[in-house]
Protein chains: 2
Amino acid sequence: MKEVRIGLLGAGVVGTSLLQLLDKNREKIQRHYGINLQLTTIATRSPGKLQGKTNVPVTDDVLSVTNRSDIDMIVELIGGTDTAYQAVRSALENGKTVITANKALLSEKGRELYPIAAKTGAELGYEAAVAGSIPIIRTLRDGLSSCEFEVICGILNGTTNFILTKMEQEAWDYSTALKKAQELGFAEADPTFDVEGIDAGHKISLLASLAFREYVSFASLSVKGISDLQSLDIQSALSLGYRIKLLGISKRSSAGVLTKVHPTLVPLDHPLANVMNESNAVFYKTKEADSGMITGKGAGGMPTASAVLSDIIYYASRLGSKDIAKENNLFPEAKAFPEPDNLVRYYLRFSTVDKPGVLAEISQVLGRHNISIASVQQKESTSEPVSVIVVTHGATEGEFQKSLQEIDTMSTIIKQKTVAIRLLEKL
Amino acid sequence: MKEVRIGLLGAGVVGTSLLQLLDKNREKIQRHYGINLQLTTIATRSPGKLQGKTNVPVTDDVLSVTNRSDIDMIVELIGGTDTAYQAVRSALENGKTVITANKALLSEKGRELYPIAAKTGAELGYEAAVAGSIPIIRTLRDGLSSCEFEVICGILNGTTNFILTKMEQEAWDYSTALKKAQELGFAEADPTFDVEGIDAGHKISLLASLAFREYVSFASLSVKGISDLQSLDIQSALSLGYRIKLLGISKRSSAGVLTKVHPTLVPLDHPLANVMNESNAVFYKTKEADSGMITGKGAGGMPTASAVLSDIIYYASRLGSKDIAKENNLFPEAKAFPEPDNLVRYYLRFSTVDKPGVLAEISQVLGRHNISIASVQQKESTSEPVSVIVVTHGATEGEFQKSLQEIDTMSTIIKQKTVAIRLLEKL
C-alpha cells in the first residue's frame with residue numbers, strides 16, 4: 001500500500017474537523033484508494049489546545065515541519081499571508097505537495113508560488129479555498145478541462161448571501177442582518193473582508209485564472225460590497241422580478257477579460273437567484289457544453305475539511321508518479337477588458353424633490369448618454385425625497401458613470417446620492 | 001512530451017463532434033497538460049461516410065483496433081451492448097485505457113468489465129455516460145471523494161425533461177409533446193428507453209454505485225416512466241406548488257440502498273424543480289458537506305464530446321504511471337432496502353361518481369391503512385367522473401399500494417384507475 005506522510009499546519013475549526021475526518025476515513029481510504037494516509041505531525045500556535053485530542057506529535061514551529069524530509073505533503077490551514085506564505089513557500093521549495101484552503105494567499109501570492117512548484121515538481125491543491133465543499137476547482141481542472149469558457153461567475157461568499165437573504169425575508173436593514181450573522185458565527189467580528197467583497201474578489205480571481213488559463217490578478221478587479229445596500233432596494237428589486245445577489249463575475253472575449261464583484265439584480269428565473277442563506281454557487285458558460293451551475297455549502301468546518309480531504313486523496317494518489325503529466329499552472333497575464341466599455345443595465349433609484357418635470361429632467365440626461373429606460377416606478381409619497389426607480393436598457397458602464405455624476409449634481413431636483421445597482425449581464 | 005495514441009470506435013454524432021474538438025484543442029492540450037494526443041485510427045460501420053472528413057486511417061474492423069499494440073487508449077462511442085461490449089472487453093484485456101459514453105453497457109455489463117480492468121491495470125472512464133456535459137463522475141470520484149453520501153438523485157434524461165416542460169408550459173398532452181421532441185431531435189423514433197425511465201435507470205444505477213461504493217444493479221431498480229402522465233396532473237400539481245419531474249433517486253441508510261425511477265412532485269422551491277427543458281441535474285446529500293446540486297446540458301453531440309475529451313485528458317495524464325494509486329472499482333453488492341417499507345407521500349387523483357359520501361368512503365380506506373390526508377381539492381364539475389385530488393402525509397409504500405388496490409375495486413364510486421404520483425421524499 002502506498003504510504004503518504006502528512007504534516008498539518010493549523011488546528012483551528014477546519015483543522016480539527018480534518019483530524020476527525022481523517023480518523024473516520026482512514027480505513028475507507030485504504031480500501032478504496034489503496035493509500036495509507038499517515039498524519040505525521042501538527043504545527044499550531046497553541047500546541048496545548050490539542051492536548052488529549054490527538055496522539056500525533058504537536059509543535060509550534062511551522063518551518064520545522066515543512067523542512068522535514070520524511071514528510072510528503074503539507075496541509076496548510078493557518079490562513080492569512082504571513083506565516084502561511086513562509087510555510088507554503090518552504091514546502092514547495094522542498095518539493096512537497098501542498099494542500100491549502102487559503103484563498104487570500106493564492107490570490108495575492110500565487111504568482112510567486114507557482115513558479116517554485118513548477119521548478120521542484122511539487123503540486124498545489126486548493127479545492128477548499130473556493131466555495132467550500134463545492135468541488136469547483138476539480139471541475140475546472142478535470143471535469144470541464146476540454147471546454148473553452150466564456151463566463152464564470154457566482155455567489156462566492158456565504159456571509160453576504162446570508163445577510164442578503166435575511167434582509168429580504170425578514171425585511172431587516174443591513175446592520176441588523178449583519179449582527180444576526182455575527183451571532184450565528186457566519187460573520188467575523190470585523191466583517192470587512194466579507195461584506196466589502198474582498199473575499200469574493202479573491203475567489204473570482206482564482207476561478208477566472210483557472211477557467212480562462214490566463215492570470216487574473218486580484219489587483220485588476222473592481223470590487224464593491226453590500227455594506228451600503230438598503231432593504232428598500234432589495235424589496236423594490238423583488239417586486240420588479242429580481243433578487244439582489246453579491247456576484248463575482250468574470251467574462252472573456254477576444255477583447256480581453258473583465259472581472260469584478262458587485263451587488264447584482266438577478267432575474268428570479270435565473271438559477272443564481274434561488275441560492276439562499278449561506279449557500280454558494282458557481283455558474284459557467286462554455287462554448288462546447290453551454291451553461292451549468294454547481295451549488296453547495298460554501299463554508300463551515302466540516303464542509304471545508306471534506307474539500308481538504310478530497311484534495312489530499314487526489315494528490316496523494318498522484319504523489320511520486322514520475323510519468324504523470326502535470327498541468328501547466330504558469331498562465332500568461334490576461335489582457336484586461338476596459339470596464340468603461342462594458343455593456344450593462346442598471347437599476348437606478350433617484351431621490352428627488354416632489355415637483356413637476358423631475359422625471360423629464362432625469363430622462364433627458366440619460367437620453368443624452370444613450371441610456372434608454374426600460375421601466376419606471378414611482379409610488380405616491382407624502383414626503384420628500386420621492387423615490388423614482390428606473391430600470392434601464394443596455395449602455396456602456398462609462399456612459400452610466402457620466403450620467404450619474406451629472407444627475408447627482410442637479411441639486412434643484414436630486415436630494416440624495418442616486419442608488420445604482422447593475423442588472424445581471426447577458427451571460 | 002507524453003504521447004498518447006488513441007483508437008476511436010464509432011463516428012456518429014458524438015464521434016464526429018469529438019474529431020472537431022480534438023483538432024481544435026490539440027495544441028492547447030499540449031501546452032496546458034503536456035500531452036500529445038494522437039488519433040491513430042477510427043473504426044466505424046460505414047468508413048465511406050468519413051471520406052474527406054479526416055486524414056486518420058479508417059476501418060470497419062473494431063477488434064483490429066482494440067488488438068493493436070501501438071494504441072494506448074480506446075474511445076468507445078458505438079453504443080449498445082453487443083459490438084461495444086466485445087470491443088471494450090478486448091481493450092481492457094489488452095490493458096488499454098477505455099473511455100466510453102455508453103451507460104447501457106456499464107449499467108448492464110460493468111460487473112463483468114471491472115474485474116478485467118482490475119486484473120490488467122487498465123482504467124475505465126465514463127464521464128460522458130451520465131448527464132452529458134455535467135462532470136458528475138469526476139465529482140463523485142475526486143471532488144467529493146471524502147464524503148459519505150446519503151442521497152443521490154436527479155433529472156438524468158433530457159428527452160423526458162423536455163417533454164414535461166412542454167406539457168406544462170404549452171399545456172400539451174403527452175403525445176403532442178413527444179412528437180415535438182422527436183421533430184427537434186430530442187427523442188428517438190422509438191422513445192421507449194427514454195420515456196419509460198430505462199435510460200434514467202441505467203444512469204442512477206451508475207451514480208448510486210459510485211456514490212455509495214456499493215454495487216447497485218439496474219435489475220434491482222423499480223422503474224416507472226412518464227408515458228401515462230396527463231397534462232391535468234401536471235397543471236394540478238403546479239397549482240398545489242409542485243412541478244412533476246422524472247427523477248432517478250437512490251438513498252442509503254443502515255437498512256440498505258433504495259434506488260428507483262419515477263415521476264415525482266418536486267416542491268417549487270427545491271432546486272430540482274427549476275431545471276427545465278433538456279437540461280439535467282444531479283442533487284446529492286452527504287454527511288460532511290450537506291447538500292449540493294450540479295446542472296448542465298445533459299445531451300447533444302458537442303456537450304457529450306466535450307465530456308469525452310475531458311475524460312481523455314484526465315486518463316491520458318495518468319497513463320503509464322506505475323506509482324499512481326488507482327481507485328478500487330470492485331464494489332460489494334448493495335443490500336437492497338425493501339421498497340414496501342419506504343416512507344412516502346402521494347398525490348392521488350380519484351375519478352369518482354358524483355354522489356354524496358364518496359370522499360368519506362375513500363378517506364376511510366386511507367385511514368385504515370394509516371394514511372392521513374394533508375390536503376383535498378375538488379372542483380365543481382358538471383359531468384362524471386369527478387376529480388378528487390388528495391395530497392397525503394407520509395405512510396409506507398406498501399400501505400399505499402394496498403389502499404389503492406382496495407379503492408380501485410370500489411366500482412360503485414370509482415370510475416377510472418386512480419392516478420398516483422409520489423412526492424419528493426425528505427432527502
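Just so it is clear, glycine is given a Cβ too, placed from its N, Cα and C backbone atoms.
Any TrEMBL annotation is an automated prediction that lacks curation.
The active site, proton donor annotation in TrEMBL covers A:Lys203. Residues or ranges marked as NADP(+) binding site in TrEMBL: A:Leu9, A:Gly10, A:Ala11, A:Gly12, A:Val13, A:Val14, A:Gly15, A:Thr16. Annotation source TrEMBL lists NADPH binding site at A:Lys103. The L-homoserine binding site annotation in TrEMBL covers A:Glu188. What TrEMBL records for A:347-421 is domain 'ACT'.
Sequence features, as recorded in TrEMBL, placed on the structure.
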| residue | record | contacts (Cβ under 8 Å, 6+ apart) |
| --- | --- | --- |
| A:Leu9 | NADP(+) binding site | A:Ile42, A:Ala43, A:Thr44, A:Val62, A:Val65, A:Thr66, A:Ile74, A:Val75, A:Glu76, A:Leu77, A:Ile78, A:Ala84, A:Ala87 |
| A:Gly10 | NADP(+) binding site | A:Ala43, A:Thr44, A:Glu76, A:Leu77, A:Ile78, A:Gly79 |
| A:Ala11 | NADP(+) binding site | A:Leu19, A:Ile42, A:Thr44, A:Lys49, A:Leu50, A:Val58, A:Leu77 |
| A:Gly12 | NADP(+) binding site | A:Leu77, A:Gly79 |
| A:Val13 | NADP(+) binding site | A:Gly301 |
| A:Gly15 | NADP(+) binding site | A:Leu8, A:Ile42, A:Thr44, A:Leu77, A:Ala305 |
| A:Thr16 | NADP(+) binding site | A:Lys53, A:Gly301 |
| A:Lys103 | NADPH binding site | A:Tyr126, A:Ala129, A:Val130, A:Asp199, A:His202, A:Lys203, A:Leu206 |
| A:Glu188 | L-homoserine binding site | A:Thr159, A:Gln182, A:Asp194 |
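DSSP assignment over the domain 'ACT' (A:347-421) gives 23 helix, 29 strand, 23 coil. In the three-state DSSP classification, A:Leu9 (NADP(+) binding site) falls within a strand. Computed over the domain 'ACT' (A:347-421), the whole-number mean pLDDT of the model equals 95.
Using the Cβ center of A:Leu9, A:Gly10, A:Ala11, A:Gly12, A:Val13, A:Val14, A:Gly15, A:Thr16 for NADP(+), the list of other same-chain residues with Cβ within 8 Å runs, in sequence order, A:Leu8, A:Ser17, A:Leu18, A:Thr44, A:Leu77, A:Ile78. A C-beta separation below 8 Å, combined with a sequence spacing of at least six in one chain, links A:Val14 (NADP(+) binding site) to A:Leu77, A:Ala101, A:Ala128, A:Gly301, A:Thr304, A:Ala305, A:Val308. Cβ neighbour count for the residue listed as 'active site, proton donor' (all protein chains, 10 Å cutoff from its Cβ): 27.
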